[in-house]
Structure formats: C-alpha cells, structure tokens
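Scroll down for the structure; my scribbles are underneath it.
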Amino acid sequence: MDILVTQVFNGLSVGSILLLAALGLALTFGQMGVINMAHGEFMMAGAYTAYVCQQVLGDAGLSLLVSLPVSFVVGGLLGVLLEVTLLRRMYHRPLDTLLVTWGVSLILQQLARDLFGTAGVDVPAPGWLSGPVEILGFSFPRSRLFILVLAIVAVVAVTLLLKLTPLGRRIRATVQNRQLAESAGISTRRTDMLTFFLGSGLAGVAGVALTLMGSISSNLGTSYIVDAFLVVIIGGIGQIKGAVIAAFVLGVAQSWIEYSTSASIAKVIVFALVVAFLQFRPQGIFQVRTRSLV
Amino acid sequence: MEEVDVAYGRTVVCHGVSLEVPADGVAAVMGHNGAGKTTLLRAAVGLLPVKRGRILLDGEDVTGLPPNQRVKRGLAYVPQGQQSFGQMTTAENLQVVADGRRRGAALIDEALDLFPALKELSGRRAGLLSGGQRQQLAIARALITEPRLLILDEPTEGIQPSVVAEIERTILELTRRGGLSVLLVEQHVGFALDAAGRYYVLASGRVSAEGSGGATAAVDVRSAMAI
C-alpha cells in the first residue's frame, strides 16, 4: 500500500510539473499552432528570475511569492518580444518557426551562461516548504505538494480566463476563425500578442516551480520541452482538459515504470507507448479545430 | 469604391470597379458565380488587399486599414456561408463582439429583439445551429458593432424558405429605420431589387450594368445577367 500511494503521488508530482510546463504551450502551440522551441528557455528565464529575486530580497519565503508574478511577467515579455519581432511574420510557415525559435532558445541559453555562469545555482526553498507533511499516515514532501497545488491553480485560472473573460473569448474566437474574428472587429494581432504573453508567462511560473526541484542551469528548458510538447499533442491540440489528463497519465506511467526499471528505460518505454497511442489516435485524447492545424 | 482592382497573386479578379452605396440606402451587387462579387466584398472589408483604387467610408479613405479598424469606423460584414465561431455558444458569439462596448448589453438585447429565435438558443454551441439560425446569429453579431454600412454576402443562400422570408423582412426593416446603409450581394434578384435603391451587375470582375433599383429594374438586370 505504501508503495502504491508513494508511486501514485510521485506520478502526480511529475505530472504536475509536466502540466505547468505544458500549460503555456497549450496556449501558444495548442491554441495558436506556433511551434515555439524557446518555450523551455522561457521556463529557464522564470527560474533565474526566482534566483535573482532571492538574491535581491534575501528571504526565501517572500522571494518565492514575489517571484511567481515577476517570473510570469518576465516570461510573458520575452514571449511578446519573440512574437512581435519574429513569429508574427511566420504564422503560416511552421518549419521556419521551428528553426527560428530553436535558434532563439540557443541564444537565450548562451545569455544565461554569460549572466549566471555554467554551473547550476540553487534557489533554496523557504522553511514552510521544507520537509514532509503527514496526510493519513503517509508522508509527502511539502515542495511537491506546493507544485501540485500551483499546477491546479494555474489550470483553473487559465480555464476560467478562456471561458469567462473578454480576452478568453477573443482568443477562442481568433483560434476558431481568424478572418471572421478580424471582420467582427477583434484585433487578431493584439490577441496573438496577449495569448503569447499569457502562454510564455505560464512558462515563467513553471520555471519558478522547477527551482523547488533542484539546481537550475542554462539547459533547464531542454529537459522539459519535448515532454511538454508531448503532453499537448497527447491531450489533443487546443484542449486544456486533454493536457491535464495527458500530463498526469504520463507522470504516473513514468513513475511506475521507473520504479521497476530505471529512469532512462522508463523514458524509452513511455515514448514507445506514446508513439503506439498516436498511431491509433493521432488527434490525441480530445480534438478541436485550430487555426493552423485543422 | 473607386476604380478598385483586386487580385489573387497576379490574377486580377476585379477590374476598376466603382460603386457607391446610397446614404441610409441599399446597393445590391448581382452576378453569376465567379463574377467577383465575394472578392469585391472581401476587399471592401479589408480581408483582401486592393491592388489599385480606393475604398471610402463616409469620405474617409479606409483602403489601408485592417478589417478590425474598419469595423471600428462603422463597417460590418456578414460573410457568405453562415459563418460563426462554432465552438462558442450563441451568447458567446454575441458577447465577444459586445465586449468593450459601452452599450454592450443593450446592443445584444436589441439584436436579439430582431431575431427572437436566438434567445432560446443562447446556451447552444453555434456549430450545432441550423443554417438559418447561424445566419441570423451572423447578422445579429454584425449589428452589435453599430455599423453605418452593413455588408451582406448572399444572406439567404442555402437557407430554408421560411427563414429566408424572416431574414429578408429584417434587412428591409433595418434599412427603413435609417442610419444604416447596406451593400448586399444576392442571387435572389427579386428581393435584391425590392431592397435596393441602386444595383450593379458584375460580369468577369467588371461592372456590366448599373442603375436604380425597384421592380422595373428586374428586366434590365436579368438581361444583363443573361449576357
């Protein structure tokens, strides 16, 4: 029973990190159809922003709380810069987008190395997130629970924003029929920019969560970018609920397989399962029409 | 529109088309399939670039403006094919246009008063509505933008006759109220000429005939379209 609970919790924990990493992509890739390979580096920027906040503020608890909104803004502004300067001209050229954003990711990695050095840096967790918490006789790390709650809050916030706010309606309208949206008076350019701000901002928040997992370095984003794309594709392009299910299923599967094999073997088996799944259901768990991937 | 050329790449589809919509009146554009009617309207809205010529809205040159800016200046467009945001509900389809408008809620109510059938469908996804219901929704959505010029591309195409009559009645009522000009592309010559104070016949992207509307124009239009 202990092993079952531990592994399920580990799986949910891994899933919550995948979900945070993928949630922003669910907007920029899932909703807008933009393959942004620099999304992982926006996470890295969020993580380093948390590091800088802690260096400036000193107090770990306060800096964690401050770094969440600051990293959101930093990630968001990087996304807007990328969208306005490069991606806006490439919306119908996915291969060019892929190459350009990959180039941007390399530039951002080098920038991080120049600014913070090649060695990893630590962002110590605050006292109230250190150690375990006992629930029903089981012991769970507080930092992992915090990430799980953060992921749930982020999903709920994004879902409510898309469903209930004017910006959410404009995003959905633009995704569903760009020309109709434009001729209905919606500035699709502004909507694209704000969608990118939101998606990239969420990557920044994911970066803050990753500081609770261990050291951060310039290649932090590359470790998560493929998994994040995988979550969005398995969930069904453009579907937040699909991303949630895919993230937790992948997390639990990886955790269980890793328990009886090793981390690298688990990765291989999970990828093989994903490939097999996509053979039978290429549209993912859920399906919706998107602008560029109809 | 003044001497407007519209092209897809190097292929010019509309050649030097000039037309004018009377203030508070209706102009109808007619012609066979492939004559360039929809292309002309898409250029008027800004969805296609104009190669040559100018598009003026109450004397203001809007030729270089994107579609959403033209909407802000009073131009509304109901495209061909009963288009809607299919994954959004009827209410959301209206709300997304009303968002940010001072009289947003009142504008939605006024639009729903014109098409009461939509009230009962507010929670239904637009993609699940019938063609006629979607067309009513498209016109309602356009009216919420408080247009001075409403551009309608074949508003009765592919819709069951009972709904066609309702849509035609609504368009005529709107034009009688004043304050709204309508540019109408319509295959249904009788209705178009009933509604229009001015008509244009397009053939191969050129204006082949034009004149005042009314029932007496029907013979001229039919003979121009037969060419």
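Each Cβ is built from the backbone N, Cα and C atoms, and glycine gets one as well.
Unlike curated entries, TrEMBL annotations are predicted automatically.
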Which range of A:37-55, A:94-112 is transmembrane segment, per TrEMBL: A:94-112
Contact ranking winner - A:12-30, A:94-112, A:264-280 against the transmembrane segment (A:145-162), Cβ under 8 Å: A:12-30
Recorded stretches the transmembrane segment (A:194-216) and the transmembrane segment (A:264-280) touching, at least 3 CB pairs under 8 Å: no
Positions on the same chain near the transmembrane segment (A:228-252), where near means CB under 8 A and six or more residues out: 7-8, 11-19, 21-23, 25-26, 29-31, 33, 35, 39-40, 151, 155, 158-159, 162, 175, 270, 274, 277-278, 283-290, 293
